[in-house]
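As written in TrEMBL, here are the features:
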- 64-86: transmembrane segment (TRANSMEM)
- 101-122: transmembrane segment (TRANSMEM)
- 129-148: transmembrane segment (TRANSMEM)
- 160-178: transmembrane segment (TRANSMEM)
- 190-209: transmembrane segment (TRANSMEM)
- 215-234: transmembrane segment (TRANSMEM)
- 255-288: transmembrane segment (TRANSMEM)
Amino acid sequence: MSKVNDTQTTNVPMVVTQQEINEQGIFNETSKALGWYQYFPESPIVASQEYSSHDQQMLFIVKLYIFLAGLFILQYLMVIMFYYSFEFRWSLIFLGYPTPLYWVILSCTILLGLMAYLIKLFRRPPFNLIVYFLYSFGVGCVLAAPYAEQLWWNENSLIIILYQFCMTVCTFGTIIAYKFKDSQFINASYILLIALILDVFIIFIFIMIYTELAWLIVISVLIHLIYVCLLLFETRLIQRGKFNLNLDEYISGALFIYLEVTLFVIFVGILFIIFMVVAFILLIVAFIAHKK
C-alpha cells in the first residue's frame, strides 16, 4: 500500500518548471550560494517526477496565497473573539501577564510548526489540513490574546482591527491578481489595477476619517509592504524548487512561508536588540572615557 501511495505522490508534478531550472542569473546564483536554493535534480525521487507548466505553477501559488490569507483572517477573527470573550482571554492573558495555559499553547504551536516543517507525512491530506487548522488556532491564541488585551484599552480598537483586516485582505487580493496577470488563460491586468486602486482608496478613507490614527495607518502600510516583499521573495524560492513541493502541497507551502517569514522577522528583531545593546554599551564606555 505504501508503494502505491509513493507512486501516486511522485506522479504529481513538482512546482518547479523546466524554465526555472534552466534560468540563470544573480538571483539563482545568490540563492544557491546562501543555501536557499534547495532543488536537487540528482535525487532519484526528484528525477522521477514531472515538472509543472507555467499555469500549473501559477495556480499552485494562488492556492498557497489563499490558504495563507485564511491563516491571517482566522487570526483577526480570534482577535475579535478574545476582545469580547473576557474569560477566554483571561485564561491566556491575565492582568497583562501570560498564564501557564498560554505557555503550553505556545510550546505546542512551536512543536507543531517544527513537525510540519520537518516531517513529510504532514504534507499529505488529511494531515496537512489538520496541521493547518491546529497551527492556525495555536498562532491565533498566541498572538490574538495579548493583542486583544491591548486593544481593550483603546477606544478606537474596533476601527484599528477593521482597518488592518481590510488592508490584509486587499494585500492578498492584490498579490493574487499580480500572479494571475501573466496567465495564459486569463488577463487579470484590470483586476490588478482595481485591487491597487482599492488599496489606495482604503488608506485614503481611513486617513481622512481618522486623522489621529494616521501614524498607525502609515506604520501598518509599511508593515504590509515589507511582508509582501518577503512573501514574494519566498514564493520565488519555492518556484525555483525550495522544499521540493508538489503541486498538491500548497497547504504545506502556505505554512512553510508563514514559518520562514516569522523566523526571519524574529531573527531581524534579535539582531536589532543586539545592535541596540552593543550601541548602548559603547555609548556608556565613550561617556566614561570622556569623563576621565
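Using N, Cα and C of the backbone, Cβ positions are placed for all residues, glycine too.
It is 255-288 that, among the stretches 64-86, 160-178, 215-234, 255-288, forms the most Cβ pairs under 8 Å with the transmembrane segment (101-122). Scored by C-beta pairs under 8 angstroms, the transmembrane segment (215-234) has its highest count with 160-178, from the stretches 64-86, 129-148, 160-178, 190-209, 255-288. Same-chain residues lying 6 or more positions outside the transmembrane segment (129-148) and placing a CB less than 8 Å from one of its CB atoms are 67, 70-71, 74-75, 77-83, 89, 92-93, 98, 102, 105-106, 108-109, 112-113, 115-116, 122, 251, 254-255, 258. Long-range contacts of the transmembrane segment (160-178) within the same chain, counting only residues at least 6 positions beyond its ends with a Cβ under 8 Å from a Cβ of the stretch, are 62, 65-66, 68-69, 72-73, 76, 79-80, 83, 151, 154, 188, 191-192, 194-196, 198-199, 202-203, 206, 213, 216-217, 220-221, 224, 227-228, 231-232. Remote same-chain partners of the transmembrane segment (64-86), defined as residues 6 or more beyond its termini with a Cβ less than 8 Å from a stretch Cβ, comprise 92, 132, 136-137, 139-141, 143-145, 147-149, 151-152, 157-158, 161, 164-165, 168-169, 172, 175-176, 179, 231, 235, 238, 250-251, 253-254, 257-258.
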